[in-house]
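Chemist: Encoded as structure tokens, here's the structure I'll be asking about.
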Amino acid sequence: MDRKMLQHLFFLYKFVLKLLGYPQGQHCKNRSLKYMRYESMADKHRSEELLKTTTLVFEVEGGLLRSTSLFPYFMLVAFEGGGVLRGLVLFLLYPLVCLVSREMGLKIMVFICFFGVKKGSFVIGRTVLPKFFMEDLGFEGFEVVMRFGRKVGLSELPRVMVEGFLKDYLGVDCVFGRDLKVVCGYFVGLMEEEVPPRSRSRSRFSFLMNDVFGERKDKYPKPLIFHDGRIAFMPTFPRTLAMIMWVPFGFGLSLLRIIVAISFPYIMSIPVLSFTGLRGRPYIPSTTENNHKKEKKDRGTLYVCNHRTLLDPIYISLAIMKPLRAVTYSLSPLSEFLSPIKTSHLSRNKEKDSKMMDSLLSQGDLVVCPEGTTCREPYVLRFSPLFAEISNEIVPVALDAEVSMFYGTTASGLKFLDPVFFLMNPIGVYHIMILENLLNANARRESSIETANRVQKQIADALGFQCTNLTRRDKYMILAGNEGAI
């Protein structure tokens with residue numbers, strides 16, 4: 001094999017590594033040096049007081065994140081913020097990005113993802129990307145950054161992509177990134193020529209630092225409770241390719257699963273759905289089973305659960321092997337049409353809703369989600385106390401859902417597609433825990449609010465989740481900028 005052939009093979013090898021997002025030579029070496037430099041800094045400054053008064057300047061991509069490729073983050077912006085077509089264009093042009101310089105490749109991805117996007121409606125940087133940034137954090141870099149009281153982040157990414165995450169979740173005081181040009185309120189896909197401070201003069205950088213910390217306001221890290229978007233995995237190039245190949249088949253599979261669920265009885269639909277990848281794992285205490293078998297009541301049982309997806313009531317129905325009715329705050333006509341169980345709409349009027357739920361309980365079993373909205377992370381939102389005022393017997397149900405490709409919930413997207421996206425997952429797993437009955441809940445000397453809080457804590461403890469005082473309104477204000485009114 002001649003020398004020219006070896007050069008071509010070596011070039012092809014480097015191209016494939018870059019396409020797949022693997023670290024290469026000098027960049028990997030520099031990255032390891034960054035970690036060594038951070039650790040030596042941590043060993044040198046042992047005093048906590050000294051660390052709190054010292055300013056740390058760090059690189060986001062080289063010193064904090066583990067991934068060496070920026071493609072997954074731009075794919076999230078393209079797909080979640082611009083739609084399927086924009087994401088497909090980015091995917092098809094990414095091999096070209098790998099052939100050009102890093103700076104030119106960055107400009108190409110920025111243009112594809114941001115051209116024509118309205119600046120005021122771009123919320124991906126604080127609703128979608130923070131979850132994936134958190135999952136990509138390197139332990140060493142994160143540990144060092146969190147020890148310092150003052151932190152400044154330098155990023156190659158546009159500032160609108162990283163600023164929300166760094167300031168809200170890591171307590172970074174200032175973020176230096178690339179600004180995007182805006183015309184008539186829309187991004188034009190071009191970055192400002194000014195680059196981050198690492199390539200500016202020292203005097204200019206010192207002036208900016210003094211300006212920032214001269215009027216410093218304290219910011220504290222917060223846990224990630226709410227996030228939006230459809231993609232449930234880090235969309236690297238190979239994984240994105242797998243998703244594109246799966247979508248046509250997954251859509252057909254979702255239709256098959258819907259037909260099975262609404263056409264067959266439980267004894268037949270459960271094994272068929274399990275065979276297709278939709279699995280449920282019920283945990284039912286023996287005492288609860290005995291109570292259901294030996295008691296014949298004039299009124300139905302009220303099942304109270306936390307809210308993970310629109311399929312919660314369906315999985316509870318499958319777990320107890322009997323039909324029930326669900327009450328919801330908002331449900332699209334498509335979801336209602338495809339539902340294998342009956343549903344009723346709440347009006348958000350306490351008197352009307354109380355009478356309706358009382359009437360439904362006289363007809364059979366009823367399931368309600370007092371959170372009023374879904375939460376993806378291991379937290380239970382505040383429960384509305386209405387359910388505690390209408391029934392003497394309450395059965396708490398703890399639910400958790402696991403997906404492999406798509407989230408079946410959204411705050412700012414097309415909500416009528418929620419069940420379709422969940423059913424398009426290659427594998428979807430539901431954990432259903434039927435907890436001990438709260439017999440004669442109204443006879444206790446406690447208010448409906450105290451009962452609601454007790455049920456919330458019981459469900460959270462069973463799942464290993466944390467209770468919060470956040471509500472539906474809080475979620476939609478964070479993710480969509482409205483109060484969640486339908």
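Cβ coordinates are placed from backbone N, Cα and C, and glycine is handled just like the others.
TrEMBL entries are annotated by machine, without manual review.
The signal peptide annotation in TrEMBL covers 1-21. For 73-96, 243-267, the entry in TrEMBL reads transmembrane segment. Per TrEMBL, the feature domain 'Phospholipid/glycerol acyltransferase' maps to 301-402.
Please go over these features one by one and say how buried each is and what sits next to it.
Modeler: Panel annotation: around the transmembrane segment (73-96), residues 19, 108-110, 112-114, 117, 122, 124, 128-129, 132-133, 157, 161, 228-231, 235, 237, 240-241, 244 of the same chain, lying at least six beyond its termini, place a Cβ under 8 Å from a Cβ of the stretch.
With a threshold of 8 Å between CB atoms, the same-chain residues lying at least 6 positions outside the transmembrane segment (243-267) that come near it are 88, 91, 231, 235, 273, 276-278, 314, 317-318, 321, 338-340, 405, 420, 423-426.
Model confidence over the domain 'Phospholipid/glycerol acyltransferase' (301-402) stands at 90, taken as the mean pLDDT rounded to a whole number.
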Chemist: Is it possible to list how many residues within the domain 'Phospholipid/glycerol acyltransferase' (301-402) are helical, extended or coil according to DSSP?
Modeler: 32 helix, 27 strand, 43 coil
